[in-house]
Amino acid sequence: MAFQKAVKGTVLIGGGAIATVFGLSQFSQYRNKHDTFVYVQAAEPVTVPIKNYFPTREQQLLTLQSTSEFDVLVIGGGATGCGCALDAVTRGLKTALLERDDFSSGTSSRSTKLIHGGVRYLQKAVMKLDFEQYKMVKEALHERANLLEIAPHLSAPLPIMLPVYKWWQLPYYWAGIKLYDLVAGNQCLKSSYVLSKSRALEYFPMLRKDKLVGAIVYYDGQHNDARMNLAIALTAARYGAATANYTEVLRLLKRTDPRSGKERVCGAHCRDTLTGQEFDVKAKCVINATGPFTDSVRKMDDQEVPNICQPSAGVHIVMPGYYSPDHMGLLDPATSDGRVIFFLPWEKMTIAGTTDSPTDVTSHPIPTEEDINFILSEVRNYLSCDVEVRRGDVLAAWSGIRPLVTDPNSKDTQSISRNHVVTVSDSGLVTIAGGKWTTYRAMAQDTIDAAIQAHGFNVGSSRTVGLQLEGAEHWSPTLYIRLVQDYGLESEVAQHLASTYGDRAFEVAKIAQVTGKRWPIVGKRLVSEFPYIEAEVVYGVKEYARTAVDMISRRTRLAFLNVQAAEEALPRIVDIMGKELNWSEQKKKEELDAAKKFLYYEMGYKVKSDQLTDSSEISLIPSDIERYKKRFHMFDKDKKGFITILDVQRVLESISIDIDENTLHDILNEVDLNKNGQVELNEFLQLMSAIQKGRVSGSRLAVLMKTAEENLGQRVVIPVDRSGGGL
C-alpha cells in the first residue's frame, strides 16, 4: 500500500514538473502575443455616444415597436445575451434585446460568484495534454483580468486556500497552481504562495487540524453576479440598445430571400408579459443567447434540429459568515465523489457549492435536500470538529442550470464542450451556447463576429475590452466615505451602496429618506441585519425591476443571503413598488404571494418546514420533554394544547416587555406548521427536537420562550432578531 502511494506520488510530481515546463513554453508565447496589455486597455475607442441616463422600460418598448428594422436582435438577458447587445451596439449596430423574465433571472444570478480561469480545467489540460482546454483557461484568465478592470465596484480579487493533507500532494499542487499563475502572465492577480500548517490555521482557523500538512493560496476574482449582469444591460441601454425585460419571444419571423429563394429569420413576434400586448420586432440578424433554453429557440427556427444543450444542475448553499474568514476562500479539489467544492466568503456570509448533476430544463430550478446534505457533508470533512456544521444554519439554497453543449459541427457529437459554441443556421439564426460567466465578453465578441460574417455588416472589431460598465467610471475604494460625509449614511450602508452601484450610489443616496434619528440621518433599512435601504427599491424600479422577486433576488441579494430576512422585508418592498408602479391592492397581494412562493421553492425556504414536519425527528428524552412541556405551559396557562399571540403577549406584559403584534405574528408563524394561527404542543416539541439536532437554528420563538422562563418576574429586554440562524 505504501509502495503504491509512493509510485502515485512520483507520477503526480512528475506530472507537475511536466506541467511547469509546458506552462513556461506557453507563457513565452502568451507574453509575445499580449505585450500590448499592461493590464487591460480598450483596443479601439467607442465612437457611439453614451447617454447620461438610461431610458425607462416604457420608452424602450416604444422604441422596439416603432423601429422599422434593427441590425441585431438578441434573445436572452443573461450575461451572454447582454454582452452580445453591448458588443453589437458599441460597434455601431442598431441593437435590440428581449428577455422573457428579468435580466439575470436564470443561471447568471445563480453562479458560484467566482471570476476564474478554472484551476481544475488546467489540471485536465495538462494531464490529458488537451490543448483546447488549455486555450479555454488562458482565455478565461484574460477575461478575468478584464472583468475586474471594467467593474471594480462589483468585483475584487479573492485569495483561495487549497489545504494539503499528504506530503506528496504539496509539490504536485504547487506546480499546478504556479502554472495557473504563469498562464495568467502579466494579468496574474497576485502570486500564489505556500503556507505552513500553523500559518494556514492562522489564516483559516476553522480548518481541520489533524493530518494537515500545509496549504497553498492562489488568487481568483469574485463578483456580485446578478448586479454585474444588470450593469452590462444598463451599459448597453446607455449606448442606445433597446433592452426590455418581461418581453417574451413567441415565434421567429421569417421571409423568403428573393436572391436565394431560402427562408431567412428576420425578427420575432413578442409579447409584453406584464400587459399582454403583442408586437413584432424586425431585425436583419437574430441571436439566440438563451442558455439552458437554447434548443427551444433553435426549434422555433427548425423543428427537426437535434438538441445540443445538456443541462446540469448546480446547487449552492449560504451559511452564516462565521463559517469562513472574511477574506479567504477554500477549495476542496477532491470530494468523496470527485467533484470540486468551493467554500467562499460572500456579502459577509459563506457560500458553499456546487454540485453537478443532470437535470431537466426549467425556469424554476429547485434545490434538493440530497444536494444540500451532500455539500454539508463535504464541508464537515474539512472544517474542525470544534465547528458544529448544522443543517439549520443553511440560510438560503438555490439551484442553477449550467447549459453544457455538444458542438453540432464536431465529428463526435456525444462529446460535451466545456467551451462555448457559436453556430449559424441555414436561415441565419446565430446561436451562442455553453461557456461560463467569466468568458461572457469573449463569447459575445465571437458571436457578433459570426453575425457580421453571416449577414455582411460593415462594422469594425469589438470595442468591449476595457470598456467600463455602469457605475465604474468615477468609482474609488474610498467613495463610500463621501456618502457618509455628504448624506449622513451609516458606514456599512455607504459601503454597500458604493460596492453595488459604484458612482451611481449618489443617485440612490439622494432619494434616501430621513430617519428622524441623530444617526444615521438618512437611509431606512429594509431589515435590521442587512445594509439594504428603502431608497434602493425606488431606484430598482428605475433599473427595470417590475416584480417583488426582482427586488429581493437581483436588485438586492436578500433572497440569496437569508430567505427569512427577505420574507420579512417583502411587505415594505411591495408597498414601495406599489406606489412607484401604481399597483392595486389586488396586484400587491399577487406580488407578495408570488415572492413568497419563489422563496419557498427556489430559495430553499421549503426545507424549513420539511425539517419540522418530519415526525421521526421528535426524539427527546423524557426529562427534556417534561422540561419543554413546563416551558410551553408557562405560556399555555389554560392548558388548551396550543398558544396564540394573546398568550405570548400576556406573559411578556407580566415582565413589562412590549413587542408589537405584527412581530409576534411573524415569530409564531415561523413555527406554525399548519398555519392555523396557533402553535400546538406537538409543533413546539418538534421545534425543540430539531434545534437539539442542529436541523433548525435561530428560532425566535424558542429564544423568546427560554428567556421569558429564565427571567419571569424580572424587567429584561428579550432579543427577537435572528441570530444568524437559518433554515
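Every residue gets a Cβ built from N, Cα and C, even glycine.
Listed features, source TrEMBL:
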- 623-658: domain 'EF-hand' (DOMAIN)
- 659-694: domain 'EF-hand' (DOMAIN)
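Over the domain 'EF-hand' (659-694) the predicted model carries a mean pLDDT of 77. Under DSSP, residues within the domain 'EF-hand' (659-694) fall into helix, strand and coil as 21 helix, 2 strand, 13 coil. Across the domain 'EF-hand' (623-658), the DSSP tally of helix, strand and coil residues reads 23 helix, 2 strand, 11 coil.
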